[in-house]
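K.L.:
Have a look at this one before I ask anything.
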């Protein structure tokens, strides 16, 4: 699933008006806007027919009408005609139907610039598992507890698709460093960094460091194969082999430059850790035991550094708490937070009847040293 | 701390009017009624002087005035006079002060019959630790998940001061059985049962069973010493020895009758378990691993019986979940719930700024059997 | 001894006429009245009622395409499986409402509306055998249906269902109830009638369920105006968790195999099966999307009138 | 290299003029500006500032009656320890507000009121070095105090504090802000001014904090009327936990020793010390009473005006 598509879908959610909605979005809206607001709890039990079946007008026909420049108002009129259920609705329900369809088929689209907040929301709704269920509100808390701002040196180990790394980079604003600990030869699976399209200044603070190097306690050379592992596609069948050879020299130059850049960034990242200049450590863990990261990084953190550990698994944080409590750490605290959206409408104010609640826990503390 | 005192304090909380308040109750009220509703979050930071210091009129003097039959209104007038801070208050704050004092010193007291709900609330606020942090709303959930009603046979192991046992007894309404598993020779530390003053019919369903007997798999005789262990005070110093001897015969008769009653109830309780007639098992655990109880009771539960386990420690329930999942149990579910009180006042509606949130988790399931 | 079909008491073995809860999978339970000649169709195929009769409660039975469990009905299971005619009150709220009403055997409780009878069953079971539930609804199909269910469930003697708009006509009984429960769009209209239906000599409890805060605000004012005291509004937000087997990786393992959960056992270089790091059971919030609001519960006490 | 005292950057060692956070115990932290000749008095006795100068950040120091740690100031620590002149916004809300404002280095943010400067510090640190915070309050003592603090904390160049009632006079800047934050009793009065202060070409974000729902309702209407879109209200409820060593008893142990937590080691019948069942670390909700509401956060977007 492409990030662009995510961002697009996100717009649909936040946008008061849109044209590009998939038809199933309508059905969802009908659940949450049902006249009995408690309906949303167990929609399956109600066995509502999907909108498609009750609507005789095909989706294709609607799109065709739009191509022809037919106005949103006319499209809605056709939809009302085609709706099997319209006549059986109450007047109130009919007016709601028209209102909803009018919104949906009016001719404006809202385009928003990607922001960390919107990105966090989009990925959380689409793929909470791969994001370690990190909610936008908890990401905000992590940044604040870690004290990320211009000029800070922050070490990040995360399994959240680059979201934490990207958020840290934005807050550094081109000064300081964001050491990103990654597996393999090249930082992979960090779409949240790439999709923000950071300028050179902000990008300059990203310092990817290989786990291998951290484990070895020193920078390692790349393995002997010409191309960095995992980076280029392994598309070597005969028909394309010829072309590949032709491009080889250019590629060599480019690859070499990229590799040198990576090595230089890694050197800076490792140096920053070794010289005890890291002011914050953020761990956003899904499968990796935070203690495994703490063992390598904690001893080298600058005194008075903040440690912030996020995980959907409370027991991992309990173990990490015990680990930190035995070392020199103060202000250790484990928190969890509920984030609820309110529906604010005249005479119908209440918290949303259902929403995504998956999330995690945040452990934070401050490293201190003896006299 | 006596239960009567608890109930009394409880009345003060629920009662809109009362006379018997301790002075510190006033100070608390001032925190929660502060004109800035967010003040309550960190009262310590505000360093408000206690009411006593700002009030020149002594508590004793107020009580004396009341004895003399001076009306509440006059008492309030005196209090206003004596208040060091009254003149410095805003008009709004002054009117609130008078209103509050009028409520406090008016001449009515609200006496409520003890109910399980009020008892649960009182103990939770006063001694959450000894109650395993069992909140009234979670107690309600436990009863409903266990399906307690007239005629049911329920096995209870609890470390909640008798609260769960007492609530089960009330719901049985004199028919069925509440097997109460207890340590020692006699069921101790169950003030919540005693303070409900149940009639004979309701009391007849309480079937205390010694842990010893459950471990032994049969009813054991009482040990040889005349008095049941732990029951009577061990007050045997010389000066009272003589009196003790005089009362010995009467006591012997009474003690014997009580013991026989206990043995008969225990026999019925053990029989109910052995004959697989227990329809529900409720465990309310603080220090005891629920698995230790499950090992003894689960195999003997009637098929289709409900199992409900409460504990403030989630990890105990995770272990119990694993234990049950390996046996024949369906509908296993672990829940937690937030219970928040709303302040509903014109133009000042919001959830309470602070309240007791300690609580636990509830694991429930249903025992099934093979073909 | 053979007893009449009843939620309150039953034989060890299932009889014809009993209501059973057929447990198919987690989240799918089907209530059915056992009757010779009938067949239940569900996910795991067909199950002839003949096979159910005489079996023990809680027993596993084979259907044509899988097996199911036959469970004893309880208030909670009924709530989870009942035929829904309206939006219903779920177990967390039902439990809390019973507690706020101080409901127990012998209590006289008025309820409006009846809806699909989820709470009605919970109340009827709790006040049995000597209490009574008066349930009111404006829709006759609902009261008719719930009366039919009550009959099948052995609850007829403790229940009365009335077609009645309590907001305009008040409750079926006056000066006798111990508790009144309201789940109506305009509770403030019903509150003065609720006060009338409560016992003057004993006083009583009132509980009102409303999804919206504006309803709560008006209800609170109406309660105070009708003489209720100790008015309090609460909200319950349950959270459901599931237990998963969690594999804690070291950085070395992560570097080697990535974040895919490894198999419990793997082969080493000599081809022998070796145990991997054992998994730890842990609770996570699941499902990811959950109900976060049903309604506010406003409760209050009416004091007895002393003569 | 010696740098000016600043929350943004500092030497490895503490210099005179630096603001330090003296960590006394959990929950008790004292901020102080280090100055030769001065002495800090706290729970663990006296600590002469001379002893602080030249020490490493995070170092443990002996006072006359115990020891303390000297911590680097951060936005979170400042919020936890600052001198309170008003009710303040705590870290959970501050963090969320920064996120909802899309605040980052370079952002121009307006805030009202200044209060005790908890959020003001959080914003100033986030928008540094090339952004700006305009903070407004009706009380001059507050703006004066926060300006003094900003000076000590190296934030003067990125901040402006104005005595001004934004509900009647609007904000210090127009058509230039990226975000506006409101914590005022009547936000609806300030919202039209907030729209004016936001950049027309870039659009911007608005966040309003209100404890009461009635304020939220009026604010939402005012936001819609002022042309804001994507209006949403959220509420954060943090829950704090502590880790305790838990002893799991068997029924046998419970029968023998009761529910008192046994010592980690005990003597057996021969008088030898033996290890008891090991304790398991577990998280429980603590403190028992916690904040359950601070306020609702209503946020919205103002779209850019396309010419």
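Heads up, the Cβ atoms here are built off N, Cα and C, so glycines get one too.
Just so you know, TrEMBL annotations are computer predictions that nobody has curated.
Straight out of TrEMBL:
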- D:116, D:117, D:118, D:119, D:137, D:183: S-adenosyl-L-methionine binding site (BINDING)
K.L.:
Once near-sequence residues are set aside, which residues in the chain of residue D:119 (S-adenosyl-L-methionine binding site), 6 or more away, have Cβ atoms under 8 Å from its Cβ?
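P.N.:
The answer is D:88, D:89, D:93, D:94, D:97, D:111, D:181, D:183.
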K.L.:
Could you tell me which of these binding-site residues, D:116, D:118, has the fewest other Cβ atoms within 10 Å of its Cβ?
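P.N.:
Taking D:116, D:118 as the binding-site residues, the minimal 10 Å Cβ count falls on D:116.
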K.L.:
For the S-adenosyl-L-methionine site given as D:116, D:117, D:118, D:119, D:137, D:183, which other residues of the same chain have their Cβ within 8 Å of the site's Cβ centre?
P.N.:
D:86, D:88, D:89, D:111, D:113, D:114, D:115, D:120, D:135, D:142, D:146
K.L.:
How many other Cβ atoms sit within 10 Å of the Cβ of residue D:117 (S-adenosyl-L-methionine binding site)?
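P.N.:
I count 32 other Cβ atoms within 10 Å of it.
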K.L.:
For each of the binding-site residues (D:137, D:183), count the other CB atoms lying within 10 A of its CB, then report the residue with the highest count.
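P.N.:
Sorting the candidates by Cβ neighbours within 10 Å, the top entry is D:137.
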K.L.:
Under DSSP, is residue D:119 (S-adenosyl-L-methionine binding site) part of a helix or a strand, or is it coil?
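P.N.:
The residue in question, residue D:119 (S-adenosyl-L-methionine binding site), is helix (DSSP, three-state).
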K.L.:
Give the maximum pairwise CA distance in Å, whole number, for the residues D:116, D:117, D:118, D:119, D:137, D:183 listed as binding S-adenosyl-L-methionine.
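P.N.:
The widest Cα-Cα gap among those binding residues is 13 Å.
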